[in-house]
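Peer 1: Here you go, one structure.
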Amino acid sequence: MSPQTETKASSGFKAGVKDYRLTYYTPDYKVSDTDILAAFRMTPQPGVPPEEAGAAVAAESSTGTWTTVWTDGLTSLDRYKGRCYGIEPVAGEENQYIAYVAYPLDLFEEGSVTNMFTSIVGNVFGFKALRALRLEDLRIPPAYSKTFMGPPHGIQVERDKLNKYGRPLLGCTIKPKLGLSAKNYGRAVYECLRGGLDFTKDDENVNSQPFMRWRDRFLFVAEALFKSQAETGEIKGHYLNATAGTCEEMMKRAVFARELGAPIVMHDYLTGGFTANTSLAFYCRDNGLLLHIHRAMHAVIDRQRNHGMHFRVLAKALRMSGGDHVHAGTVVGKLEGERDVTLGFVDLLRDDYIEKDRSRGVYFTQDWVSMPGVLPVASGGIHVWHMPALTEIFGDDSVLQFGGGTLGHPWGNAPGAVANRVALEACVQARNEGRDLAREGNDIIREASKWSPELAAACEVWKEIKFVFDTIDVL
């Protein structure tokens, strides 16, 4: 296969190609508390031993190259190299293995998700000796996570800002996502917020198009926010999408949102990039703005089981880069998401300390120390009949977001919002009274619909709507 390198200058320079495993496969290595640990699912090409493949991953994502080079003798590769310290076969899969790799902390720039990913996944995924490669999980040691600011505010600060406790927050993505004028867009925002939602949202691809320029949208949305707040006595928000073609333009939009008095802005963190996202997160913390994160493009990276990167890794990276909310699937809606796997990365977003649990896809114990948590957002193909399951699955520290499930109500946007708010309040009350949402959920919704005509109408419209497909990314 490919190479390796001498690790000590004293051994002298010997030109040529060596097996990677001679230097980078170290099964006796004792991992350090400061190492970044990675779990890769790898499928070697036929004839490539798994030890050689794992060592190649460690080498090509750290100090190695395809041949021995003279300048190896000018540094200490034993100090800086990545090490494949364990390999295990994947149960039920032919020629698939989990390779565990440890990276010394000094390989990475402090506070830079961009640099971390450039090193760990930047080049090795195109390596010919591997048929497929997927990064399943990372362990971020406190020594590295403490170099990141993390979420601008976090869950508790957001609740204090909104003065809303003891229940999930309710949101709605304005539809149709493209084509509305700024004034009609603002009207839809007002109707949804007046009806009882906490948030409305720009869709991920609403930026600044000819039919609705960003400044016009921001102005009409701000008017809707203040009017709905005055009428309901509740603090309201709309995720104003600041994503733009340049970082400078993105910051200009965030600044204008703050000047209007908006409480929250939004960013598409994968299409916008981690450098832009971290810059925006710093601005939001300094200026009191909450930051909603959309994961547009994630399925290009994470949906295939054998190649790419699992969303739990992208979720950890987002927590480090900065965001107060991030979309996390629904389990029950139209988007991909198996329950145990989803709850695994939801805990990685919210909790301070998460134990290793392979049944939920968590390969390493993760200690975030004091880094604030991120609210998971359940969005995509959900409606009032899903409310009991969503409340039971995601708990209070979440945002439940109904787009079509609000704006598709037969009586209009405000009644759609009323239906969702009534359904949520009924589920929270039933849970607090000790009722089993998983078993009694439909009964709880039916009981609430008897005194809410808006909910009754919603129940009738969506009584047969289900998204029953097999999940691709399973454990």
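Note: Cβ is positioned from N, Cα and C throughout, glycine not excepted.
Fair warning: this is a prediction, and the values are worked out from it, not measured in the lab.
Found this in Swiss-Prot, in case it helps:
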- LYS14: N6,N6,N6-trimethyllysine (MOD_RES)
- ASN123, THR173, LYS177, ARG295, HIS327, SER379: substrate binding site (BINDING)
- LYS175: active site, proton acceptor (ACT_SITE)
- LYS201, ASP203, GLU204: Mg(2+) binding site (BINDING)
- LYS201: N6-carboxylysine (MOD_RES)
- HIS294: active site, proton acceptor (ACT_SITE)
- LYS334: site 'Transition state stabilizer' (SITE)
Peer 1: Cα within 10 Å of HIS327 (substrate binding site) is the criterion; apply it to the recorded positions LYS175, LYS201, ASP203, GLU204 and give the hits in sequence order.
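Peer 2: Neighbours among recorded positions: none.
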Peer 1: Would you say which of the binding-site residues LYS201, HIS327 has the most Cβ atoms within 10 Å of its own Cβ?
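Peer 2: Sorting the candidates by Cβ neighbours within 10 Å, the top entry is LYS201.
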Peer 1: Measuring Cα to Cα, tell me the gap between ASP203 (Mg(2+) binding site) and LYS177 (substrate binding site) in whole angstrom.
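Peer 2: ASP203 (Mg(2+) binding site) to LYS177 (substrate binding site), Cα-Cα distance: 6 Å.
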Peer 1: Considering the recorded positions LYS175, LYS177, HIS294, ARG295, which residue's Cβ sits among the greatest number of other Cβ atoms within 10 Å?
Peer 2: HIS294
Peer 1: Using all protein chains in view, find how many other C-beta atoms are within 10 Å of the C-beta of GLU204 (Mg(2+) binding site).
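Peer 2: That number is 21.
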Peer 1: Taking the Cβ of SER379 (substrate binding site) as centre, how many other Cβ atoms lie within 10 Å?
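Peer 2: There are 25 such Cβ atoms around SER379 (substrate binding site).
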Peer 1: Could you name the residues, excluding LYS201, ASP203, GLU204, of the same chain that surround the Mg(2+) site, i.e. Cβ within 8 Å of the Cβ centre of those residues, in sequence order?
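Peer 2: Going along the sequence, the neighbours appear as THR173, ILE174, LYS177, ASP202, ASN205, VAL206, TYR239, ASN241, MET266, HIS294.
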Peer 1: Which entry in the list of binding-site residues, ASN123, THR173, has its Cβ near the fewest other Cβ atoms, using 10 Å as the limit?
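Peer 2: ASN123, out of the binding-site residues ASN123, THR173, has the fewest neighbouring Cβ atoms within 10 Å.
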Peer 1: To the nearest whole angstrom, what is the C-alpha distance linking ASN123 (substrate binding site) and LYS175 (active site, proton acceptor)?
Peer 2: 39
Peer 1: Give me the CA-CA distance between LYS175 (active site, proton acceptor) and HIS294 (active site, proton acceptor), in Å, as a whole number.
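Peer 2: That comes out at 16 Å between the alpha carbons.
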Peer 1: Reduced to three states, what secondary structure does DSSP give HIS294 (active site, proton acceptor)?
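Peer 2: Where HIS294 (active site, proton acceptor) sits, the three-state DSSP reduction gives strand.
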Peer 1: Have a look at the recorded positions THR173, LYS177, HIS294, ARG295 and say which one has the shortest Cα distance to LYS201 (Mg(2+) binding site).
Peer 2: THR173
Peer 1: Under a three-state reading of DSSP, tell me whether HIS327 (substrate binding site) is helix, strand or coil.
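Peer 2: Going by the DSSP assignment, HIS327 (substrate binding site) falls within a strand, counted as strand.
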Peer 1: For GLU204 (Mg(2+) binding site), identify the closest of the recorded positions THR173, HIS294, SER379, judging by Cα separation.
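Peer 2: Nearest in space to GLU204 (Mg(2+) binding site), counting only the recorded positions, is HIS294.
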